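Asker: TrEMBL feature annotations, pasted as is:
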COMPBIAS  340-356  compositional bias 'Low complexity'
DOMAIN    46-115  domain 'RING-CH-type'
DOMAIN    54-109  domain 'RING-type'
REGION    1-28  region 'Disordered'
REGION    332-365  region 'Disordered'
TRANSMEM  141-160  transmembrane segment
TRANSMEM  180-199  transmembrane segment
TRANSMEM  256-274  transmembrane segment
TRANSMEM  286-303  transmembrane segment
Amino acid sequence: MLTDEPEVRPTSQPAGNGQGSGQAIADEIPAVVPAVDRQLATPAPQEEPEERYCWVCFATEEDDKFAPWVQPCNCRGATKWVHQSCLKRWIDEKQKGNPYKSISCPQCQTRYIIILPSMGSFAFLLERLDIIAKQLSPGMAAGAIVCSVYWTAITFGAVTVLQTTGFERGLSMMEQAEPIALLLCLPTIPVALVIGRMFRWEDIVLRFLQNRQFDIRKYPVISLMLPVSNEPSPNYPEPYPNSTISTSEPLSVTRIFCGALLLPTVSTIVGKIFFKSVKNDLHRTLLGGFAFVVVKGMLKIYFHQKKHNRAKQRQILDYTPENVRKYWMRSQPPETNERPGQPHGQGQGMMQQPAMEENVVNGAG
């Protein structure tokens, strides 16, 4: 039989000395403790309790000993524990009123296990109806807006027909027309006006005149009507390239929309003022609209060409005390003047005043 105790062999002792021999044997036997008994006798180290730290409110267990804690994900360390109430509040902010939206841990991306207690059949039905209403509301709102725009376009088209052709004739035309034709054709009137307003024929004419400026100088009549420079521009080097100067203004949605919708009214007014001899209301309105568009376009071409010439003639002068006194000090109020050597940026916005700009251009020219 195997034991953990070591084998002890008796030693030979001289006869007649029993007491002395027994004491010697006891001294020679080693005091051996079995390995199993030694491990059982050694006390196991006790694990210290882990300190809980809420990653939402940054409170510890010592701050609120009665608050319930939860470990909702696979995080370790500082983000392992969190208050139940704090986590519920954080989940409410993420769900935004949708209790069925899944929420995951922002650190380890573990999906939280959220259990919703039953509210009853009737409350569940009300909740489903509420969810369906929220899902259908955007589509219904978009449909209402589209229908409103459509019927507004129909109304505007009908008013335009009555305004341009005359009330009696326009009303008779719409009464004789098919309803489906009216529903399809009347909304296209404001759309056609907006598309036509977006066509900027003035810019095309202006670019043509700027590219053909040398040829236009041969015709004195055109030179008198349009602000075309009579000085030949050098071929190379070109100090003022045309490509760097923008002659057209950016598109404005509100301006295009308002101009397109006001065009029939303005055409009717211009036709009644300048074309009274025309008996047909439609023809008179068309002539008034054509005259208004042409005159407005010519004025716009003249204005943009003037701006183009001004941009070509501008110069940037040296920053010298003489130029500052000559072009700057006399065009600025005393409280906004910058002295020579003043840091750039102070009063910088005042450099673009119209009076200053005119003085610089005229002086340079």
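Note: Cβ is positioned from N, Cα and C throughout, glycine not excepted.
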Asker: Under an 8 Å Cβ to Cβ limit, what residues of the same chain, 6 or more beyond the ends of the transmembrane segment (256-274), are close to it?
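Answerer: For the transmembrane segment (256-274), the nonlocal Cβ contacts are 156, 160, 163-164, 190, 193-194, 196-198, 284-289, 291-292.
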Asker: What else in the chain is close to the transmembrane segment (141-160), if you only count residues 6 or more beyond its ends and a Cβ gap under 8 Å?
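Answerer: The answer is 174, 182-183, 185-191, 261, 264.
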Asker: Same chain, outside the transmembrane segment (286-303) by at least 6, Cβ under 8 Å from its Cβ: which residues?
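Answerer: Contacts of the transmembrane segment (286-303) (Cβ under 8 Å, skipping residues fewer than 6 from its ends): 164, 201-202, 205-206, 209, 226-227, 263-264, 266-275, 278.
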Asker: Looking only at the domain 'RING-type' (54-109), how are its residues distributed among DSSP helix, strand and coil?
Answerer: 15 helix, 6 strand, 35 coil
